[in-house]
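Quick notes on the structure that follows.
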């Protein structure tokens, strides 16, 4: 399902987002939704009919509210009114055409339009339309006929079919799909699998469609979109039963982050799809165009309507470049699926062994509860809980939302309410933690008294590059005293792991292009790069341009950053230390840094001092090769070549100066220890050589 760009700015964009402590949902959700909402939009749906009284019984799922830990209250979808207005073509609360005009139009059709005809019979193509359709073209002109078999005399059974509550246009493509599902083994296998899976969700979807006053046979859109698999993902990123793209899902109130993706939630995504269908129909006033827009995006269909000056979907099929290829088949495919569903026995699908329908009780649980604890309290397996809650991606409830409504097997609500408090020790020991930009995962783990590997496992993280500023992690609950103690330990590790590492109370050495750099009206801050950082991400966190950040640090804007690099940035004096999204930025403490000019003699001398070596100038009294000079200090000719940027076979003339690194403390680093050992071996060989002479 596609959502096309909207030029109408959504009103919701002017509403400031609450802080993380004030809202149940993640800090970045609204900001990301609003940013994406400017670039994407959906499409409006229809004038709603009253639900039928003789409909199927309501789908199970909300009939039981057990007295568990908090009464379950499902929050309504928080849709984006601005984007919905763009889709509908009017305010969300309004009927875009107006009740008076609708009544007038109905009167005009009754009084001056074509005869009423037989209820449910569609407009049909001309008798030769199917021949042109078989060549990839539509029809030349449409006319009204009494019976569908007038279009295809060779298929008299068309006259006997029960039609869906969606309007059907007897196009050759619809008939070809019907023949495929009726006679082709491939089509029969596909339809049999679809109808089998439909059993799990049919009651749920039909009940929501009726509640919204929508045609029940929109049920078959989910068949075409996802094969009734809530876990399916398209190659372009659409997901769930109704194949919402992330931006479209957010417009219609679906919560999408690394913990939860409500596009996979059969209940919430169906409610969002109902809103989308209603908006699309409100925009187009025609179900064929609305369905085409569901597939291609409402903007694409509007452009075709205006380009070819027709609001007849079937006419658009005739014209070159009017519709995407998939969209040109989509409506026919959906119509055919709905017809088969209404005529199972005729098509030979009356014996389908359908999947068990979703049945559940709803319970309210706190944040960060493992699904294992919920399963034990409900007397079910983790797999069953996951099947009922496919929107949860990390095997626990979201860490930012208390009172999260979960589904447990039907009838287990009272058991859950009794057993859940008894299992408090299994779940009431975690908190949510918002990662700061530049914060190392090992520091987060240390502060919360947990190993790095355990922290990653707890949060379903496979590689530390997945961690980014603003991300919400689950961490063990500790006292403030313990966290303060652990934080001090983490900071010592941070500042002692610079390049090169410091010991005792030595300051972290930071090399910049100019240690005395200054920009009037700005203050300089320092940021340590962590795995996964990019120049653009760091620049965005500081609210500066990528070009400026690269210039201040003399870096290539397109090159990768690497962990343990330290960047300087010049920010406004009143900058609050948070990114544009409100996530904190982890800055280094200026008082614990020793800033030097990169590549200066001071910089080189301090680096060598940190690893137990001293930078000295050596002047030979007679010609000496790099190899000879190096052996005196435990270096080889290539070490000398690297230090002095000269060839390794260089011969130094008397009076010429070269730089040498001399070991002064072999205990300071492995490099110094190895060099001292090499010097001893060289001296031993020299002594043995003298003794032989």
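Note that Cβ sites are derived from N, Cα and C of the backbone, with glycine treated the same way.
The annotation signal peptide is assigned in TrEMBL to 1-49.
The annotation region 'Disordered' is assigned in TrEMBL to 1-24 (among others).
Marked as compositional bias 'Low complexity' by TrEMBL: 1-16.
If you look up TrEMBL, you'll see 60-81 (among others) marked as region 'Disordered'.
With a threshold of 8 Å between CB atoms, the same-chain residues lying at least 6 positions outside the domain 'LysM' (525-569) that come near it are 437-441, 463-469, 494, 497-499, 508, 510, 512-513, 517, 575, 579-580, 583, 585-588, 590, 593, 595, 598. Marked as domain 'LysM' by TrEMBL: 525-569.
Annotated region 'Disordered' per TrEMBL: 667-693 (among others), in sequence order.
Remark: secondary structure over the compositional bias 'Basic and acidic residues' (667-677) totals 8 helix, 0 strand, 3 coil, with classes taken from DSSP. The compositional bias 'Basic and acidic residues' annotation in TrEMBL covers 667-677.
The compositional bias 'Basic residues' feature in TrEMBL is assigned to 678-693.
Broken down by DSSP into helix, strand and coil, the domain 'LysM' (525-569) contains 16 helix, 8 strand, 21 coil. When averaged over the domain 'LysM' (525-569), pLDDT in the model lands at 89.
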